Amino acid sequence: MERKEDDLKGGCWNQPAVAEEFETLKDLAMDFTVEDWKDLESEWDQRDLFWDVTLNHYQDMFSFTDTSQPSLTSQPDVREELEATSTEVPETKSSPLQSGFVEEDFSQIMEIFSNGQLNFEACIGEDWLNSFLGDPESLPRPDISDKESPADHQSPESKSGLSPGPPLCTREDAVMSASPEKTLTPVILKESRSDLSQEDSVQGHEKPYKCSECGESFSQSHHLIQHWVLHTSGEPPIWREQQRGLSQGAHFPMCPGTPASYESYTCQECGKRFSQNVYLQWHQKIHTGEKLCKTQSDSNLEGLSRSPSVEPGKQRLSKDTDSAKPSTIHGQDQEKPPTGESRDQENLHESQPGDRPSVLHPKPLRHQKTPTNAKCFRCKKCGETFSGAFHLAKHQRAHAQRLYKCASCPAVFNLSKHCFQHRKSHFPSAACECQGCRKSFNWRSSLIKHQAIHKGEKPYKCDECGKAFNHSSTLKIHQRIHSGQKPHKCSECGKAFCRRTDLTEHQRVHSGFRPHQCPVCARTFNRPSHLVRHRLRHAEERHFGCAKCKETFIYKEQLERHNKIHTIEGLYECKQCGEHFICRSTLNCHLSIHIRENTSEKVVGQNSQHTEKCFKNTKCRKAPNHSRYLGQHEKIHAQVTSGECDPCGETYDQSVQPICHQSICAGVKPSECAEPEKCTRNTSASEHHPSQREPSFKCDIYNRAFKQRAHLSKHQLIHITEKPFKCNECDRAFKQSNYLIQHQKTHTAEKHFECSECGKTFHQRSCLSKHQKIHSGEKPFKCGDCGKAFISGAQLIRHQRIHTGEKPYVCQECGKTFSQSSCLTLHLRIHTGEKPYTCGTCGKAFAQRANQRKHERIHTGEKPYACGLCGKAFGLRTHLQQHQRIHTKAKP
């Protein structure tokens, strides 16, 4: 519909049937604070550009589509261009609004713009105007009469009852005085162009704004601008469209910058570019570590509420405002600071009598958001900081008492959802089952993660070592190995771990909680992996076999370690004696022997890296090769250090001689003790008489006590009558798998370990080491009572039972006692009638191997025992002893 010229001259600019879509002046508001403009003072081109942007929008409001617009980047002087703009508007007969508006009203507006007489605060916004002009005091402002009633200056549209659209200003701001003699009626628009265009585009699904880079279309122009930021280089498509003259039919919002300087501010640290210096300063706070965590809204509101009324035309700015505000065009944020901080509060004060009324409507107060990298919430108990209050509340539950307990196991939790998730582990769901390996899971997400193993997908790769992982969380845990980060620390011993699960499993060592139990032998474990490894021994799943000696193993690493035996030399060599070892841990244990024997500086210097792993006790000469064993050994000295014998008055160190010295002097046997079931039977430093120390771990069957849980577990194997480990060659059964492995080596024909002195071969390296001590004459284990030395510690223990008279092994059939378990085993064959050893010549069976060997000498004629006087030889040692009595004339 066309509009008459007399209507325009009369000031009726907003008729209900308007064909042309106008923008509200509010959409042109660009609010900045003084701090923002100070950052842009050095860039005078930016000031000129913002003037050009404002004038161009006003020309779009009051001109026609075929009106040529002046260039935005070619205006040397702002005031000259403003004056020139008011006179360069052409006349077009095809437009009904040209003559009246362009000649009179628009020329008046341009004249007021150029002369600086227009009250911009009533049109644009005081925050934007003061920050735009720099110094608020340097702008000449007209005086608005306080005596005039606001109702006298209302527009005809407002009086006629027309409902305006988005309000641009209050009705008191309807009069904009250019001078006391000259007034200009403002434009009160019914709807803004952005609102109309948005409504039309939604109804018609039109997307007129198209990106020239990728061809994507948008219904709103600001969406196109936000999309263009994704393209790393080049100028905005809006500028290219305007340069080609293609934007006259559609309105594009203006960007706060020219195409040449769209992203002219570059960060020196990371190379990121920004369109304004204030955004660059916000971004640089990430590199400097500066964190503005305190919300300024409360302090701003308090400061503004107490501030006195300002004079008309003066600027209202809070002194507490310290954060810049990005420019807005058409109500859209052109760019947001990297820290995620919201815009400052504006128009917080209410209008006072005599004050100039506010232009824009007050907006609700919004707090600034905390930066994403800031941690402003601190726990009062442990001092740990968090970025949000929710995370702090979640962390504080860890300090509180755990309330949720699982009904199926002793596990407790501090969150109900964790307890619910744990309870599902006791009832696995059949729906979440892997079709490849038939493994079931409690959650579908766990099934999806597991299926990635079968697919072989490892998208997450470590930059340090190149190792790939299935999940990003696994990669983060792996990267802690390179960085050395161990955030999870044990409160009992101070040991740190990379993963929380490792800390949980470690804490079970202090608490003694072993939730994983073997259903076959009832043995408990504190880790599920240990239980899985243990159950493989019951199943006898030995998939890895040696190609040379046909020996089988459960794990692949055991086979790799075994293959090193067939090599000529071991990988690790001792620098002191030249002995080779397959494992480094075995070499470290061997080096501890040299360190105990020779404490010279030369030995310590040559093995400096290994001596750190050897821990020596200051009270005795015992030096275990691990700190854990040293800590267990030092507990003996902490509780019991020495004792005194009443009959003889002799003092002794019970850590070195743990056998009860009083029973030796008095001749009291352990069977005569008041509590024979608690008497010790060996020289282990962890098992003492109850008069010296009270162990904490007790056996329920024999009521026997032990100091360490491992000793109790080893003792409980005696009560287990079942022998699940059977030999396939001779059907012999064993209680432990290691005994079966040692036994199976006797059936193999190869003996890989050969003695270099006598050429004798052995199945195990430990047997060879014991045998070599015979040639060297080394007997490190010495009896403290008679001074007799032995090669091994087991021989010393058996010998010391002669002095104490201890016979802990009792036959259940006849009650006979024995000092050694092997003697009890041989004795039990009398009751059972078992004779496992058979002569290969005559088929005679024997209960003991020694008797079999003696019998075989009859068939072979071997006589190894010869008399030293007459040279006569005998097949048995007893026959030689009887013959020697002839020469000595001794009577039996």
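Glycine is no exception: its Cβ is also placed from the backbone N, Cα and C atoms.
Feature annotation from Swiss-Prot assigns domain 'KRAB' to 23-101. Summarising the annotation, Swiss-Prot assigns compositional bias 'Polar residues' to 66-76, 84-97, 297-308. The region 'Disordered' feature in Swiss-Prot is assigned to 66-97, 134-203, 297-370. The annotation compositional bias 'Basic and acidic residues' is assigned in Swiss-Prot to 138-156, 190-203, 313-323, 332-353. Annotated zinc finger per Swiss-Prot: 209-231, 265-287, 377-399, 404-426, 432-454, 460-482, 488-510, 544-566, 572-594, 697-719, 753-775, 809-831 (among others), in sequence order. The SUMO2 cross-link annotation in Swiss-Prot covers Lys476, Lys602, and the record cites similarity to another entry as its basis.
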Integer average pLDDT (0 to 100) for the zinc finger (209-231):
76
With every protein chain in view, what's the tally of Cβ atoms within 10 Å of the Cβ of Lys476 (SUMO2 cross-link), excluding that atom itself?
13
For the zinc finger (544-566), how many residues does DSSP put in helix, in strand and in coil?
11 helix, 4 strand, 8 coil
What is the three-state DSSP composition of the zinc finger (377-399), stated as helix, strand and coil residue counts?
11 helix, 4 strand, 8 coil
Beyond the flanks of the zinc finger (488-510) by 6 or more, those residues with Cβ under 8 Å of it:
477, 480-481, 526-527
Quick test of the contact rule: Cβ under 8 Å, at least six residues beyond the ends. What residues does that give for the zinc finger (753-775)?
742, 745-746, 791-792
Could you give me three numbers for the zinc finger (404-426), the DSSP helix, strand and coil residue counts?
8 helix, 4 strand, 11 coil
Counting each residue once, how many in the zinc finger (697-719) are helix, strand and coil under DSSP?
8 helix, 4 strand, 11 coil
